[in-house]
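Report on the structure given below.
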Amino acid sequence: GTAMQRFLGPLLCLWALRLPAGTGAAARGLDIASYRERVRAMFYHAYEHYLESAFPYDELRPLTCDGQDTWGSFSLTLIDALDTLLILGNVSEFQRVVNVLQEGVDFDIDVNASVFETNIRVVGGLLSAHLLSRKAGVEVEAGWPCSGPLLRMAEEAARKLLPAFQTPTGMPYGTVNLLHGVNPGETPVTCTAGIGTFIVEFATLSHLTGDSVFEDVARKALKALWKNRSDIGLVGNHIDVITAKWVAQDAGIGAGVDSYFEYLVKGAILLQDKELMSMFLEYNKAIKNYTKFDDWYLWVQMYKGTVSMPVFQSLEAYWPGLQSLIGDVDNAMRTFLNYYTVWKQFGGLPEFYNIPQGYTVDKREGYPLRPVFGCFAELIESAMYLYRATRDPTLLELGRDAVESIEKISKVDCGFATIKDLRDHRLDNRMESFFLAETVKYLYLLFDPDNFIHNDGSDFDVVVTPYGECVLNAGGYIFNTEAHPIDPAALHCCRKRKEEQWEVEDLMREFYSWKKTKKFTLKRSPDHGEGENAKDPEDASSEKAGEKRNSKKSSHSLLSCPSQSFNSKLAVLGQVFLDNT
């Protein structure tokens, strides 16, 4: 084909040969339980030092054993780590932290906050913890999951972000002051991911609270990006949210764009929305046509399709997970193995990697080479989902290598330090909150095949809400881009949908039948597949919501929700490519 393909082909073949022989055999000999416990120990080494040295600040500074506020002043690491505590089985600490957050976190503060980061970390973390709180033994209030203190906190945080969406295009500003709204003179230039990464959290919030404003603004932002794609079907890296003019016109799947594509797929699955999926599939065609060379993805000019830079970004390592999510497992494995080869060359993924040169890209235009824990998380996450799909033992080897690399390079006395430069393994005095939210979580889930997160739908709970019965904890969790799992079934618990109206009518008919006959037990109509005794709606509305009606076992999956998901991380210091032509 092209000159680029002819140039890259032999090089990629050589790189493939660098994978050690006997990889599969070595991985088959892994003691999964042993590595699972090592990951658990990693979590507590980081978590306990955060509590001892950094709380209530946002993040731990592990080289100086103190703390700092980074994204606001929310005790962010505590929010980000909360659902990981439950995944590791620590219900008592989960319960304690829920109480601490209720008492200590205040969003009515004069702080300039990233709209993107506050959404994925704070809103996402609180929503996930809210939906998992009953499973963690928290005494939930009447009305749960349609009400609760963590849900109210998530809603309060999200409302602080809404002023950012008040633009002519509906695309949000990147920064908002939590007390005063958007600052005068705030830059209108926002990255694509910072515009298109809201539908998972905001739609969940709308469905649980009944207030459609959150889902509405998230959808409007998604559609604005779609409307402003180029004639060849690509989107750029940064756009002016007032004029809709593309400021950075390079198109790719890496930093600045990544989680936009992720949320089109996840939003489609979460909401069963064909329009969102069709948008992604159209983008996917253009990405394959213009940015894919062999099994690498490069940056191209969004209007012309010409290659800008033959550079691989570490944040692209989420892409194999996305490919597996839509069923493209073979291509996912090929892309994954390319990225894994780079990992083995450097002991991690550099933030930028020049494909022809086969080495990391030097500091450019003020953006330092900062391979952070997110780089680990992207590839580990892809490995976790691909392993669920293929059971290929090579994927377990990646998990093993990740544990060894992190412990060898990043572990210090007070936690784990971000790697400043993979070439010499210099460390930065920072432990970002997503180390506990993502990196450790995905590693643990890779080595814990029986975790409740991997539930295939054969085990579930039926809970009673003011709106009737609903099924929860059946699996199919959708992870947001900070690795916070959302139970998709919960979105059907808190409001009546037109397609469910027959259920309401059926209950009402039974209710009036009971009133006439003065019977004290009711039977659900066998036509709807329910043989359980039903509650009197008047009683059901007043009983403690979230109380388990019964726990059912089934020999087959009753839910068709996919059990795979993936994640990506927006690089705040990510590369911006400008069109100088």
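Placed from the backbone N, Cα and C atoms, the Cβ positions cover glycine too.
Model, not experiment: these values are computed from the prediction.
Per TrEMBL, the feature signal peptide maps to 1-26.
Within 10 Å of the C-beta atom of Glu117 (active site, proton donor) sit 22 other C-beta atoms, taking all shown protein chains into account. The active site, proton donor feature in TrEMBL is assigned to Glu117 (among others).
As annotated by TrEMBL, active site applies to Asp258 (among others).
Sequence annotations record features per position, and here TrEMBL assigns active site, proton donor to Glu351 (among others).
Around the Cβ of Glu378 (active site), a 10 Å sphere holds 29 further Cβ atoms from the protein chains shown. Per TrEMBL, the feature active site maps to Glu378 (among others).
What TrEMBL records for Thr481 is Ca(2+) binding site.
According to TrEMBL, the region 'Disordered' annotation covers 523-562.
As annotated by TrEMBL, compositional bias 'Basic and acidic residues' applies to 524-549.
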Rounded Cα-Cα span from Asp258 (active site) to Glu117 (active site, proton donor), Å: 14
Cβ atoms near Thr481 (Ca(2+) binding site) (within 10 Å, other residues, all chains): 29
